[in-house]
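Visitor: Structure below; questions to follow.
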Amino acid sequence: PTLFVYFYRRYCWLLVAAFFNVSKLPERIQPGLFDIVGHSHQLFHIFTFLSIYDQVHYVEDGLAAFLKAPPAAPTYLGTVGYMLLLMLCLAVVVRRFLSAKDLC
């Protein structure tokens with residue numbers, strides 16, 4: 001499966017887990033039958049595990065795809081542009097401190 005399948009399936013598992021945990025559905029339908037095996041809290045843990053399982057696959061496959069991809073070449077905006085933006089922000093902060101009336 002693709003990364004999107006793992007990503008969205010993970011949240012579907014979490015919604016199903018929340019549904020069973022909140023609704024108390026199996027033991028509400030047949031009281032006494034699901035006291036030991038199959039009650040809603042166990043189903044909650046099973047579907048939460050499936051969610052974590054998909055999350056692990058999502059991270060592993062995403063990291064593998066990232067490592068296989070060629071590194072991005074630096075751009076002007078990604079180097080000098082960000083430096084100029086940072087210098088502008090620092091200049092604004094310094095200007096505000098210098099224009100403050102109470103310098104202590």
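Cβ from N, Cα, C; glycine included.
Keep in mind that TrEMBL annotations are predicted by a computer and have not been checked by a curator.
The following feature annotations were taken from TrEMBL:
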- His41, His45: Zn(2+) binding site (BINDING)
- 73-94: transmembrane segment (TRANSMEM)
Visitor: Provide the three-state secondary structure of His45 (Zn(2+) binding site) computed with DSSP.
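Guide: Helix, per DSSP.
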Visitor: For His45 (Zn(2+) binding site), just count the other CB atoms lying within 10 A of its CB, please.
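Guide: There are 13 such Cβ atoms around His45 (Zn(2+) binding site).
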Visitor: Just how many other Cβ atoms lie inside 10 Å of the Cβ on His41 (Zn(2+) binding site)?
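Guide: His41 (Zn(2+) binding site) is surrounded by 12 other Cβ atoms within 10 Å.
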